[in-house]
Amino acid sequence: MRLHGEVSFDEDEEEVVMVPAALSSPLNGGAVAVTRLVVGYALTKKKVKSFLQPKLLLLARKKGISLVAIDDTRPLAEQGPFDIILHKITSKEWQQVLEDYHDEHPEVTVLDPPNAINHLNNRQSMLAEVSDLNLSSFYGEVCTPRQLVIMKDPSSIPTAVAMAGLTLPLVAKPLVVDGTSKSHELSLAYDEASLSMLDPPLVLQEFVNHGGILFKVYIIGETIQVVRRFSLPDVNTYDLLNNVGVYRFPRVSCAAASADHADLDPHIAELPPRPLLEKLGKELRGRLGLRLFNVDMIRELGTKDRYYIIDINYFPGFGKMPGYEHIFTDFLLNIAQSKYKKCLTGG
Ligand SMILES: O=P(O)(O)O[C@@H]1[C@@H](O)[C@H](OP(=O)(O)O)[C@@H](OP(=O)(O)O)[C@@H](O)[C@H]1OP(=O)(O)O
Ligand SMILES: Nc1ncnc2c1ncn2[C@@H]1O[C@H](COP(=O)(O)OP(=O)(O)O)[C@@H](O)[C@H]1O
Ligand SMILES: [Mg+2]
Ligand SMILES: [Mg+2]
């Protein structure tokens, strides 16, 4: 572990060690840690605006965390040194730069490793990781809707759907998730014949009625926070019998507008039990190899504890989370603290 400074002694003759982390407990021999943690970030302008809010920057500074913009016009190796690199850039070039840099600097924590993030850039591999969760002993069952991947030939879709036995209506989602607005252009299909109007590659996912409320489960390291968001309305039999075609629908649930204070049916609005969320978070961190993500989860209408994961997002809009600045800065310091403790114990 690279120390930023050197051992020195303050006026109380206390050994003061400059370490790249805020250690709340005294160091060996009673030294008190002085903190400085350097976090390099590679984020789009839009993300910088939504995530690096003044309240985060202020608290980070108070906690001895320097947030440094990575200059993508200069070699990464000439920048830093960094303790942590935080990023959300989808280009292959950036991924290669990051992987080469990490080969040279294994001591730098990359949040999160590009190869783990790539799993979420495809709506098939995204959910494949969580299709066989077995959490039923933790207050509920969590699964994923049945879905079918269509790579090409739209005319083949109606037959493929009939062969797969998928139940209408279906949500059509672009297969690739790459941060563009196109990857969020979703449609609802009411009948099989209309499916041939769709534009592969896509995934067709069975629509699950869930009372129009979705749970956004945000995960930052070991911290989990769940919020309610408005979602698509239920589709009843009448709708199915009296609608044909494929309908594009706008982005509904990423709006910051929370449904947490809406007047909702308690059976629909009741949050998933905390033990379930804790177990789910632990499972997903392990399976996905990620520490910064969220999960769109719905409870099937009429059930008490049957949940479906319908979407997983890397480095989502944490800025919308109440109190995110405290959660995120503590998360960064905990990373450095555990690295430094490992360094002290040779672990
Ligand atoms: O896909 P969702 O569920 O709308 O979540 C979005 C999504 O993560 C989006 O990222 P991207 O898929 O466009 O790359 C996030 O945009 P930013 O990275 O600019 O923040 C949104 O913030 C997410 O919304 P939410 O945080 O409500 O899940
Ligand atoms: N299988 C589904 N059943 C019911 N509603 C769904 C389903 N899939 C998506 N939705 C609705 O569409 C919204 C967007 O779908 P999602 O998979 O989260 O795409 P995005 O990555 O664009 O957020 C969800 O927030 C939810 O409201
Ligand atoms: Mg979503
Ligand atoms: Mg998404």
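Note that the numbers count up from 1, one per residue, in the order the chain is shown.
Using the three backbone atoms N, Cα and C, a Cβ is placed for every residue, glycine included.
Quantities reported herein were computed from a predicted structural model and do not represent experimental measurements.
The domain 'Inositol-tetrakisphosphate 1-kinase N-terminal' annotation in TrEMBL covers 38-117. Mean pLDDT of the predicted structure over the domain 'Inositol-tetrakisphosphate 1-kinase N-terminal' (38-117): 96.
Here TrEMBL flags Lys47, Lys88, His184, Lys216, Asn313, Gly317 as 1D-myo-inositol 1,3,4-trisphosphate binding site. In three-state terms derived from DSSP, Lys88 (1D-myo-inositol 1,3,4-trisphosphate binding site) belongs to neither a helical nor a strand segment and is classed as coil. Of all Cβ atoms in the shown protein chains, 19 besides its own fall within 10 Å of the Cβ of Lys88 (1D-myo-inositol 1,3,4-trisphosphate binding site).
In the three-state DSSP reading, Asn209 (ATP binding site) counts as coil. Long-range neighbours of Asn209 (ATP binding site) (same chain, six or more residues apart, CB within less than 8 Å of its CB): Asp234, Val235, Asn236, Glu300, Leu301, Gly302. The ATP binding site annotation in TrEMBL covers Arg123, Lys173, 205-216, Ser231.
TrEMBL lists 139-333 with the feature domain 'Inositol 1,3,4-trisphosphate 5/6-kinase ATP-grasp'.
Cβ neighbour count for Asp311 (Mg(2+) 1 binding site) (all protein chains, 10 Å cutoff from its Cβ): 24. The annotation Mg(2+) 1 binding site is assigned in TrEMBL to Asp296, Asp311.
The annotation Mg(2+) 2 binding site is assigned in TrEMBL to Asp311, Asn313. Under the three-state DSSP scheme, Asn313 (1D-myo-inositol 1,3,4-trisphosphate binding site) falls in the strand class.
Taking the C-alpha positions, the distance from Asn313 (1D-myo-inositol 1,3,4-trisphosphate binding site) to Ser231 (ATP binding site) comes to 16 Å. Ligand 2 lies under 6 Å from the Cβ of Phe207, Asp296, out of the binding-site residues Phe207, Asn209, Gly211, Asp296. All protein chains considered, the CB of Gly211 (ATP binding site) has 18 other CB atoms within 10 Å.
For the pair formed by Phe207 (ATP binding site) and Lys216 (1D-myo-inositol 1,3,4-trisphosphate binding site), distance between Cα atoms is given as 18 Å, rounded to the nearest Å.
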